[in-house]
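Single-structure report; data block below.
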Amino acid sequence: MAILISENTKVLIQGITGREGSARTRFMLEYGTKVLAGVSPGRGGSEVWGVPVFNSVKEAAEEFGPVDASVTFVPGPQVKKAVIEAIEAGVSFVVVPAERVPLHDSLEMIAMARREGARILGPGSLGLLSAGKAAMGWEKIILTTRYTLAAVGLPLVSA
C-alpha cells in the first residue's frame with residue numbers, strides 16, 4: 001500500500017474557520033502535519049493558528065504552489081463542491097470526514113477523482129495517520145494516545 005501522507009505532505013484545510021476545521025487544524029499542527037493554508041470563502045486574509053486563510057483552493061495554490069492533499073471540514077451537502085474545487089486546483093488526495101454526504105454526490109466525486117487521477121478517502125473517514133509524522137483529520141485523543149512509529153503499517157477501514 002502506498003504511503004499517502006508523510007512529514008513532507010503539503011496539506012490544505014477546507015473549512016478551516018469552522019469549529020471542527022479550526023480544532024482539527026490545531027491538532028494536526030501539533031502533531032507535525034505540514035499545513036500550508038486554509039480555505040473559507042469570504043474569510044480570505046485571516047489566519048487560524050498561524051495558518052493563512054484564502055477564499056479558494058486556487059488562490060492558495062497560486063500562493064504556495066502545488067498542494068498535495070486537502071481535508072474538508074464542511075457539512076455533508078457542501079462536500080461535493082469542496083472536493084471538486086480541490087481536484088480542479090490540482091490536489092491529488094482529498095480526505096472527507098463528513099457524514100451524510102448525498103450518495104449521488106459521492107458517486108460524482110469518485111468518478112471525477114478517477115478521471116483526474118486523484119484519490120478520495122471518505123466520506124465518513126476518521127482521517128489518515130502516519131505515526132509520528134503527520135495526520136489529516138483525526139481527533140487529538142486518538143493522535144496522542146494510541147499510535148506510535150513502527151516498522152509495519154495497518155490500514156483500518158470501518159464498514
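Each residue, glycine too, has its Cβ placed from N, Cα and C.
TrEMBL does not curate its annotations; it predicts them automatically.
Features as listed in TrEMBL:
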| type | residues | note |
| --- | --- | --- |
| DOMAIN | 4-101 | domain 'CoA-binding' |
Using DSSP, what is the helix/strand/coil residue split across the domain 'CoA-binding' (4-101)?
34 helix, 24 strand, 40 coil
Over the domain 'CoA-binding' (4-101), what is the model's mean pLDDT?
95
